Each structure stands twice: as C-alpha cells, then as structure tokens.
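Have a look at the structure below, then the notes.
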There are 2 protein chains.
Amino acid sequence: MASKTENINYKLPSGFDIELLPGEKRLEQHLIDTIRRVFESYGFTPIETPAVERLEVLQAKGNQGDNIIYSITPLISEDRTEESSSDSRGLKFDQTVPLAAYIARHLNDLTFPFARYQMDMVFRGERAKKGRYRQFRQCDIDVVGRGSLSLLYDAQMPAIIAEIFSAVNIGKFLIRISNRKVLKGMFRSLGVQPEQIKSCVKIVDTLDKVGVEKVKKALAETGISLDKSDRIIEFLQINGSVDEVLGKLTAQGANLDNAEEFSQGIAELQQVIEGVRSLGVSSDCYCIDLSIARGLDYYTGTVYETTLLGYESLGSICSGGRYEELVGTFAGETMPGVGISIGLTRLMRQLLDAGILKPLSSTPAKVMVLNLQNHLMSTYLQVSQLLRASGINVVTEFSQQAIGKQFKRADRLGIPLCIVIGDDEYQAQTCRIKVLASGEQIDVPLDNLVEQIQKLI
Amino acid sequence: MASKTENINYKLPSGFDIELLPGEKRLEQHLIDTIRRVFESYGFTPIETPAVERLEVLQAKGNQGDNIIYSITPLISEDRTEESSSDSRGLKFDQTVPLAAYIARHLNDLTFPFARYQMDMVFRGERAKKGRYRQFRQCDIDVVGRGSLSLLYDAQMPAIIAEIFSAVNIGKFLIRISNRKVLKGMFRSLGVQPEQIKSCVKIVDTLDKVGVEKVKKALAETGISLDKSDRIIEFLQINGSVDEVLGKLTAQGANLDNAEEFSQGIAELQQVIEGVRSLGVSSDCYCIDLSIARGLDYYTGTVYETTLLGYESLGSICSGGRYEELVGTFAGETMPGVGISIGLTRLMRQLLDAGILKPLSSTPAKVMVLNLQNHLMSTYLQVSQLLRASGINVVTEFSQQAIGKQFKRADRLGIPLCIVIGDDEYQAQTCRIKVLASGEQIDVPLDNLVEQIQKLI
C-alpha cells in the first residue's frame, strides 16, 4: 500500500494550514460555543450561506474582490449544456456579500430588523504569509433594517464583545469606539477636499506607529496646511473618560464651521455610549478613540476595534461598525446595518502562540473504563452506557494490553478518571475509580458509581 | 443603488441551493448539536480539515474522484513563483481522503485507536439533480487503529446510530447489519470466480427492486448456474431474529466448501451482535440483513444501513462499515477502521419535505422586551440584561412602533413571551408578561421576573 502513494505530497497547500490537533479543535469548538451563546442571548439567529456563489455576485461591489477570489471549475469539464459562461462560480471571500445576496433571495421570508450570526469559512486567494490564511472562519453578527435602524443596535455591539471576551477569559481588553462622521466631519469642517479625505484618514491611521512628526509631514505632502494638521493632531489626541471626550468634542464643535456632520457624529456617539452604559458594560472595558480609521470605505457611523491589553501587537481582535449601503445591494433597497466580526482562525492561532489560551484535552471523554478481563466485557459496556445515560462522556478500552498501558493511554488522551473492574470487584458489584492526576483510588458500589463520578468531574 | 446591481443574478448556482431559512438552520444546528453530543459521549473527538487539498491527495485513490472534483484557481493568476503546477488544488469530495491525509500529517501527535468525528462541508461537481447537492454537510465518525482494531468498535456503531435517531425523534428506524465476508465468502464457496464477485454483488443488490426472477436471469447471464443462483437467493432471503439468522448461517456454513471466509464473517457478525446487545440497543432497532451490498469496493467486514420505517424510499439515512485499506494510504501503514456517515444536508431536506421534522422558530430568543415609552429605554435594557444573565435569550424592541405591531413582530419571530413595562409598571417596579400563544397576562414584581419567566419557558 505504501508503495502506491509514497510519492504523494500530502502536506496542506500553502495558506490552508489551518488544521488543528484534537485538543486545539476542541478549544475552537469551545470558543465557537461561547460566541454562539452570547450572540443568541441577544436574539441573533444563525444562517449559513454556501461557500460558492456566482462570480457576478462576488464581484458586485466593483473589482475590489477580484484579486482574492478563487474561481471553481469541475476538474473534468463535461459538456454541460445547462451551464453557460454566466454560471461562473467562485468561493466567498467574506460574509457581507453573501449576506446581501441571502437577504435578496429570502426578502419576503425574513423579519426586519434582521439579526443574524454566521460562522462560515471564507476563502481568500491572497499571497500566503505567516498569520494570513487562505481559508478561515469568521464569526460575524449583523443587524439589518429596512430604511432605518435604531442606534441602540450599535450600543449592543460593545456589550456583546465585552461578554464574549470576558467569558473566554483571555485577560483585559479595551473596546475602542468612534464614529466615522466625527472624523470625516472634522476634515470637512477644516476645508479638506472630499477627494482628499480618504488619503488623510489613511495617514492619521498610522499615528500610533510612526508618530506625530511623520504624520504631519505626510499631511503636508497631501496639501494640508501646518495649521490644519496641528488641529487634526490635537483632535486625534483627545482622550480621557468617555464623558470627558464627549465634552471636549462638543467644545471643538462650537469652534468649527460647517459642523453639521461633525455634530451629528457626536450626537450618535453620545447615544451609543448612553446605551452601552445602560447595558451595564464595565466602564474600563471601553473608551472613545477618535483615531480608529478602520474601513472608511463602507462604514458610515459607529466603528469599533478591540485591543487585548498587553498584546496590542495582535491588532484588533474584534472590529466592525455601522454601514448604510452594504447589504441592500441586491435587494435594491436602503438597508442600514451594524455588525462586528471576529476572525476566529487567526485569533485562536495568535492566542495559542502567545500562550494566552491552551489546548483542551484531546478527547471529550472524562472517564475510561479499563479492560482487565476480557470475559467481563459486557459489564464494561454496561457500566459505560450507565455513565453515558447520565451525560458523562466515556471511552471503553477494548484492547487487552497490560493495565499500565491502558492507564498511559488514558493519560495521553487527557482522561482524568479510570474505572477498574476485575473479578473481585465484579463479584462484589463494586468498582475502583482511579483519579489519574492524584493517583487516588476510590472503591464504590456500582450503584453509587454515577453519583461518585459526577462529584469527581 | 438598485440601478448598479439590477442586472446581477443573485440566485444560488445550481446544486448549491442548500441555504436554509433561520428556523430551518436552527433545526439543523439542533441536529448537529444532538449528533455531536452522542458522538462525544463515546469519546469521539472533533477534527476539521480544510476544504482545499492538493489535487494529488484527492486523486490518490485512483481516478474515481476525478469526475466530481472541483479545482480552484485564483481568478487573477499572478506570477506566483512559489507555486508550481504540482500545487494544483481542489475541494474535498468526502471526509475519508482528508482523514487519511490528516492522520499522515499528524501521525506522531495522535493517540490510537484514534476516534474522531467530522462535520465539514464537502463538494462534488456532479450533474445537478433534485436531492443531489454539490455542497453538503456530512457527519462522520471513524475509529482507526494501527495494525489492528477490536470488533467492539463495530458494535458501538449501531448503539450510536440508535441513540442519535431516538434523540431526534423522527419515528421508528431499523439498522441493518451485515458482514461483507459472509456474502463474499458464500460466493467464493459456491465457486464464483473472484473477478465475477463484484458484478454478482451488484446484481443481488437489486433484489429488493426487481424481484427474484430478474436477479436469477441476470446471474445466469454472468454465467452462474441455476443451481447456484437458487442457493444465492435462498441465502439472501434468510431472515428472522438475529439469533435465528446466525443459526441458519452457521447451518449453511456446515454445507459449504472452502468456507473459511464465510465462517470468519459469521464469527465477526456474532461478536458484533453480542456487543450491540451488551450495549443495550433495543432489539427492534436492528437486524441482520444479508442483502446489504453497500460499497463493496472498500468495506471488508461489518456493514450498516439504516432505514426509516414507513419512509423506505428515502434510502439509507446512516451507513458505514469496516475497512482495512482506506486511511493508512498516506501514512503507509495498515490502519483498519470502522465508521458511519450521516448525509445531514440531504437528510434534513428530506425530513422537512416529508413533514417528519418541522423548522424551529426563526430566532433563539424566548422573550421580547417591548418599547412602550422611549424614556424608559434604560429600564428595558437593564431588564433584558437581567434575563440574559440567567441564560434567557432576549430581544429588546427598539422601534417606536405601535404596541400591536411590536406584538406582531414577536409573533412572527416565534418569540413566546413579551414583557410590557409602561409608566405605571415602572413606578410600581413591576412588569406585565404576555404569553402570546394563550393571550394570558401576568403581572409580576421586577424582583421575581427571572423566576417567573423561567417557569413559563
């Protein structure tokens, strides 16, 4: 058999090395379960769209996706008369385009505002680099309204983020909240030309990394006067408690010309912060950070980024925002939405590499029933079923290896408890529980086994 | 906005119409959760392999997959010097080839026997037909040993199947168990040439549909004598309780020449049945059915099919078996395994279409907190959080629509309970719970709300 396949390279293709060992996969499943529980507690409902869409759907937002889209074709192209070239297909590269298509496909069957979560795999044919995957799982929520959508949905997002990251216990984090209208409004009030705003945003986004002087220089090169760039820097460095920041912003607004957009941004930010507060989010979990310049292209209001304190180099671990023109595309309606996204595949790899999270044991089993005497196998099977009926995950050992090897296998699998039943125990209708971590041994009547195991788990 | 995209065909490509409405997706999630719970109770651990593998891996089993493999290529092929033509990639069409590759990739990190489950999407570029999907979810378990594997793993499979289908409550089912060696051994003992056995199996597989006479005729055309085909038919029609069938088989074995394989098959079948019995599987859930001719190509011992009684036309709802040469391919070792598979996407569609299962409500929320007075919003938010902290899924209504419309939205979403707090209730620190199904209204102090809601859910 080996000879048949010995020349086959069975390694994963580059960029698809997302495969996890069992204990890591169980950790991912635990994170998925936790995220899902929080999403569902706010009434978000699951959907899943296929990995494959028509190319024209994937390309509907202009050509921005073209350089990352994978197209798929049957390896052996038969003459399939039912398919024309307009049936070209590709793999989805995000969940937003598919959400827009899903809404259009099922418009009359959905209830709005439509609050959905989605945890599908997405595919990006990018140049492979460390930490960048060509397939990965994204955990997204979005609420989408028809025509309008309350800002209180924006306020729920930080509450959801805070609850998830508290539950997975990865240390202190900070949710940075801003509003696109505040930043854009300030540029506008300062007289920056609309077509320059985009490049200005990109420049100020580098402030953290390159420092004030380089930002000023870059702004000057774009044609921003020194006076204006001073005001921009001053603005970006506004800090303090959320109330202090809101106060300083309001004061700035009073000094600006054409401050409509700026003021609307502040009003929105204020309303969102008020909601976040009513939702009981701890005040050391969030702040206003005006330098967030994420995805200006489609975000139109509230924006979020989340930083793991002490691990700022990981980048934002959960981001999102409010958009107006993103998901109504195919339905041909105005459908404002607000959403957040966790890039789970990448995040989990980072958290494992940084030692912030550890893999779980490599099996869900908590108990191994050992095989001492093959003629007692029916007892071992019955005892295993007894425990399973009480919700306990059990591996029954079927090999006839020496007991030491059986304990070793349990240990390697991370199973904490072993059950030993030899002829003596069988006669007495008892069993011995061995706690692998401590070596402790407990003899119990079979009648009390379930109760005793439940205490030990 | 509509004008930009109005010519785009946003329908799903043919064969990929697996998209579910929220209530259907929630049902699928419930089935996945149930299947996973049962798999884990036997110590099966999750793994997930990427959708994409090297073509040479997908094609390692000969060319059988070629006509269903989708290849993937970046839409815009850059000159990627790191990639040669040997880096051609395709989408996985089952979970067996990827399991074999996974085992080879992680051989030293796994503990054997390795018991894993996998619920990934697979892709098949087949001609689209009703009920046949080009992307679907398969729920698979396999136990894989190095060198050898106890038959008791084969015995666990019917217990797992029975537990899953009892838990999802879809009516009576029958697990048909056989052993490939019994069928093949009988052909061999009757002097059927080894190269004829495959076509004979295909012929007897049609017995149910075409009847005895046509099977005899087809066997005659293959060169089987009338005398032999009579014995084959007689053999296939052996029925009765598992003990009766085993008894009749043993009696037949005594009359056969060269009965080694046949007898080994019976011995294996007997051991598996004994295990199934010890595991407490109800005797009306399973039988021995010698006519099961599933996947002879790679199954070498025990085989299973599962029929939903009264819905036989659905075909087998869970199948599998024992194999010797399937998953050691890449590792270059003998790795016998046994596994079963549930084609969840197709099965759920069939169960929904047949009315055996119904979609769940379209949201996980059990409670909607209505918005009567916008100035009480912070109370609504706090009450919502109070309920969520006790594990209750809640939607807070943010619109200021008339209360009738808010009730209607709750009803459309399938939310059973609404909480109404107006100025009077706020003053009294009470709230009114409305049970939508009955119209019943219950006034409770806010202090008792959680308790009361938990009673009503």
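Counting begins at 1 with the first residue displayed.
Backbone N, Cα and C define each Cβ position, glycine as well.
Noted in TrEMBL for the protein shown:
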type	residues	note
DOMAIN	A:26-359	domain 'Aminoacyl-transfer RNA synthetases class-II family profile'
BINDING	A:ASP94, A:GLN95, A:THR96, A:ARG124, A:GLN138, A:ASP142, A:ARG294, A:TYR298, A:TYR299	L-histidine binding site
Using a Cβ cut-off under 8 Å and a sequence separation of 6 or more, which residues in the same chain sit near A:ASP94 (L-histidine binding site)?
A:VAL122, A:GLN138
Collapsed DSSP category at A:TYR299 (L-histidine binding site):
strand
For the domain 'Aminoacyl-transfer RNA synthetases class-II family profile' (A:26-359), what is the mean per-residue pLDDT, to the nearest integer?
91
Could you tally the C-beta atoms, other than its own, that fall within 10 angstroms of the C-beta of A:THR96 (L-histidine binding site)?
22
Under DSSP, is A:ASP94 (L-histidine binding site) helix, strand or coil?
coil
Name, in the order they occur in the sequence, the residues of the same chain whose CB lies under 8 A from the CB of A:TYR299 (L-histidine binding site) and which sit 6 or more residues away.
A:ARG180, A:GLY321, A:ARG322, A:TYR323
